[in-house]
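Colleague: Structure below; questions to follow.
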């Protein structure tokens, strides 16, 4: 099976292992470790479309909470604290959700 957004399975596993403990998730470390930070903007958009499970054009808080499960079904949900930190980092226009451009900026941060 194709890895998520063309990522290397070993990189994804290492990225997930790196934030296995509750409240240890750091989006910059994660995007670097899994390899998404170095992907093309097309791949980043594909990743966004996968994470945006209801196809609303935005990643809402509930989808962010389950963010890691897009990379591996057995991954944990983010804690409320992690989810809110992640959302605050990405939501540059203050609408309470993350659009595709905001997501791309997070990935490349």
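Even glycines carry a Cβ here, placed using N, Cα and C.
Heads up, here are the entries from TrEMBL:
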DOMAIN    39-74  domain 'EF-hand'
BINDING   52, 54, 56, 58, 63  Ca(2+) 1 binding site
DOMAIN    78-109  domain 'EF-hand'
BINDING   91, 93, 95, 97, 102  Ca(2+) 2 binding site
Colleague: In sequence order, which same-chain residues at least six apart have a C-beta under 8 angstroms from residue 97 (Ca(2+) 2 binding site)?
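Modeller: Same-chain residues close to residue 97 (Ca(2+) 2 binding site) (Cβ under 8 Å, separated by 6 or more) are 58, 59, 60, 61, 87, 91.
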Colleague: Near the domain 'EF-hand' (78-109), which residues from the same chain, at least 6 beyond its ends, have a CB less than 8 A from one of its CBs?
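Modeller: Long-range Cβ neighbours of the domain 'EF-hand' (78-109): 22-23, 25, 27-28, 31, 36-37, 39, 41, 44-45, 47-48, 51, 57-61, 64-68.
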Colleague: Beyond 91, 93, 95, 97, 102, what residues of that chain have CB atoms within 8 A of the centre of the Ca(2+) 2 site's CB atoms?
Modeller: 58, 90, 92, 94, 96, 98, 99
Colleague: Between 0 and 100, where does the mean pLDDT of the domain 'EF-hand' (39-74) sit?
Modeller: 95
Colleague: If you measure residue 56 (Ca(2+) 1 binding site) to residue 102 (Ca(2+) 2 binding site) at Cα, how many Å is it?
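Modeller: Residue 56 (Ca(2+) 1 binding site) to residue 102 (Ca(2+) 2 binding site), Cα-Cα distance: 15 Å.
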Colleague: Quiz question: given the binding-site residues 54, 93, 102, which has the greatest number of C-beta atoms lying within 10 angstroms of its own C-beta?
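Modeller: Answer by Cβ density within 10 Å: 102.
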Colleague: Round to a whole number and give the Cα-to-Cα distance in Å for the pair residue 102 (Ca(2+) 2 binding site) and residue 54 (Ca(2+) 1 binding site).
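Modeller: About 18 Å separates the two Cα atoms.
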